[in-house]
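Colleague: The feature domain 'Fibronectin type-III' is assigned by TrEMBL to 1-58, 64-159, 259-353, 359-454, 460-557, 657-751, 757-817. Residues or ranges marked as domain 'Ig-like' by TrEMBL: 163-252, 561-646. Marked as region 'Disordered' by TrEMBL: 455-480.
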Amino acid sequence: RESDHRAWTPVSYTVTRQNATIQGLIQGKAYFFRIAAENIIGMGPFTETTKEILIRDPITVPDRPEDLEVKAVTKNSVTLTWNPPKYNGGSDITMYVLESRLIGKDKFHRVTKEKMLDRKFTVEGLKEGDTYEYRVSACNIVGQGKPSFCTKPITCKDEIAPPTLDLDFRDKLIVRVGEAFSLTGRYSGKPAPKVTWLKDDIVVKEDDRTKIKTTPTTLCLGILKSVREDTGKYCVTVENSTGSRKGFCQVNVVDRPSPPVGPVIFDEVFKDHMVVSWKPPLDDGGSEITNYIIEKKDTHKDMWMPVTSATVKTTCKIPKLLEGREYQIRIYAENLYGISDPLISDEMKAKDRFRVPDAPEQPVIKDVTKDSAVVVWNKPYDGGKPITNYIVEKKETMATRWVKVTKDPIFPGTKFKVPDLLEGCQYEFRVSAENEIGVGDPSPPSKPIFARDPIAKPSPPVNPEAVDKTKNSVDLSWQPPRHDGNGKIIGYLIEYQKVGDEEWKQANLTADSCPETNYKVTGLTEGLTYKFRVKAVNAAGESDPAHVPDPVEVKDRLEPPELILDANMAREQHVKAGDTLRLSAVIKGVPFPKVTWKKEDHEVSPKADIEVTGVGSKLEIRNTVHEDGGMYSLTVENPAGSKTVSVKVVVLDKPGPPRNLNISDVRSDSCYITWMEPEDDGGSVITNYVVERRDVASAQWVAISSSSKKRSHMAKYLIEGTQYLFRVAAENQYGRGPYVETLKPIKAIDPLHPPGPPKNLHHVDVDKTEVSLVWNRPDRDGGAEITGYLVEYQEDGADEWTKFQTVPMLDCVVTGL
């Protein structure tokens, strides 16, 4: 039974031995036991244990300790640690026995008599270089248990271990101003490392607020009542001879921001609103500015009125002001940790303060080319607000509308190259300035300029020569200068000099009196020799002179006529009817020849316009007709001779009418039409003929062929008995000529033939002077009804037949025989 119960519980009734094993007991409880013997008569008295028996495992010596480790080795000491045995033998451990054996010896020796219940011991007083192995045993009330497994042999020498660093803080730490913070951790290393604290690469020194505490295994940096200046990157370095380890922490000591930086700038001031700006706080308190709180106050009142508390910009519009009142503005900066002290502005009266810029002065135009010009101006007064743009406009001098020269802004320069001008046009320019308020008045217009490239003096004329002369004049000719200096050549100045004189005389006084590249110098003296030179003139001035190569003796000359034919005087000239015929040639000769035009050796038609100039002649006939064609000749004649050229002129026109229109083989449904080509084909090949017919009862002509190239056609599908007219016209590439028409209608009937001979002629009666004849109708009537029969007789032996009479019937009595 349990010691605290009274009831007995039977364990076994069938035990025949003198011992028994009782199971099912509870560890830690106390029990009483009793035993009785039994025979067949009955059960004897019980025998009871004298004292209670506590149920527990039997006590033995402890198991061997575990995990014996060497923690540190120096040249004269060894530090060991171990863990308790898995089983203590049923009794608490009372002490540990640590033993050592010098390698080379047989026996282990006890190291110390200390109990070492903290399971750590440093063996000291060892000899450097000796090698030991260690073991440890556990003891309880029963005795000493088995020793642990031996350590590996340990040689006494200083041990080296690189530093380790285990930090209690993260990479970033945020601290409110006034709070304390600490950075702690653990470290190790052999030999013992040196611990150094840095802030932003500067060594941290202890003072009233900064404390540094370092133990052999722990490190700590503590700061009391932190301030904003404590913000920074902190670094702890643990270093010994084998290396170093570093730990970092970015500490951000946060606070409400400092006030915004003044002064408050009034960017815009109007009668009903202002626009103010300021600069952010120098110190944002370590946290981004979330917004600014802006308030306004009428200086006549003591109450601040909110404007906005939700802006992150450093500018703000202050609305709803009363004109003429003075106002103050105050601005707070706010971050996550609070609101700064305010920045308060000076007093400012609500009234319009700014305006658009003034008009610039008259702009100056430079570097003009044929399509561009540079406009230059001075900056005007900006109206109190910075100028943001200039607007340059142009207009042609005679126009009324100004046009912007570009859509892009022009700023900050005060000159602009205007593109896309039209060469030769005259332009004016003006400039306006623009600020935030608006666009100011335009400047006065610039002086007008022409869009053309800058002009220089021209180069000299090219190849001057004397082309003709008389007893008192010389004709000069030259070519324009190679370079006109970008200016129009106004004309030429011609000068002459008598050989032997030094003075040059002017043949013409002004250049515009000789705009062409030739000039007749008159008033010269016959028999004298002269030199000549020519200058080109533009708006920039006179060119260098170009000299006629050789001096010229002034006298009449005689040259036979010469004809230089134009392209229209080739051997054969084709012109379309209705167009204009032009024949022309350049004529030379001294004196100038007499000009004669002829056609086929006759006078040309009065409709021809003939023009004769000092250099040539031209014949022109407008609205040509075919009759204007033929052989034209041009004859030029002077005392030195004559010359004639001829040209065949073909006036291309529609062809004439076809010839010899003939109708044959007329049938009841067809006929055959033939004709000959026109006498005149209009100067072009006949391409085809058009054949038409017309019922005499109808006014409408009907085409029966429009593409025939042959000169015949079978007209089919005629209606028998109908009378028809036919006509034919010829076509070439210039059109259709006139028709030729049949003179009289053609009737669509088959042709008539003589009838066949009567059949079966015989007599039926004979008298002395007459014979009665009968016969039958012939087999064919020849295409028409038989109208009668001609009866003839012949005396036997004679050659001639004698006509008797024509009878309508098939019988006849011949009398008078």
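Even glycines carry a Cβ here, placed using N, Cα and C.
Note: TrEMBL annotation is automatic and uncurated.
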Colleague: Mind checking which residues of the chain, 6+ beyond the ends of the region 'Disordered' (455-480), have their Cβ under 8 Å from one of its Cβ atoms?
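Modeller: Residues 486-487, 489, 492, 494, 496, 517-526, 530, 532-549, 552-557, 590.
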Colleague: In the predicted model, what is the mean pLDDT computed over the domain 'Fibronectin type-III' (359-454)?
Modeller: 92
Colleague: Could you give me three numbers for the domain 'Fibronectin type-III' (64-159), the DSSP helix, strand and coil residue counts?
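Modeller: Looking at the domain 'Fibronectin type-III' (64-159) with DSSP, the answer is 0 helix, 47 strand, 49 coil.
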Colleague: So, by DSSP, how many helix, strand and coil residues make up the domain 'Fibronectin type-III' (1-58)?
Modeller: 0 helix, 16 strand, 42 coil
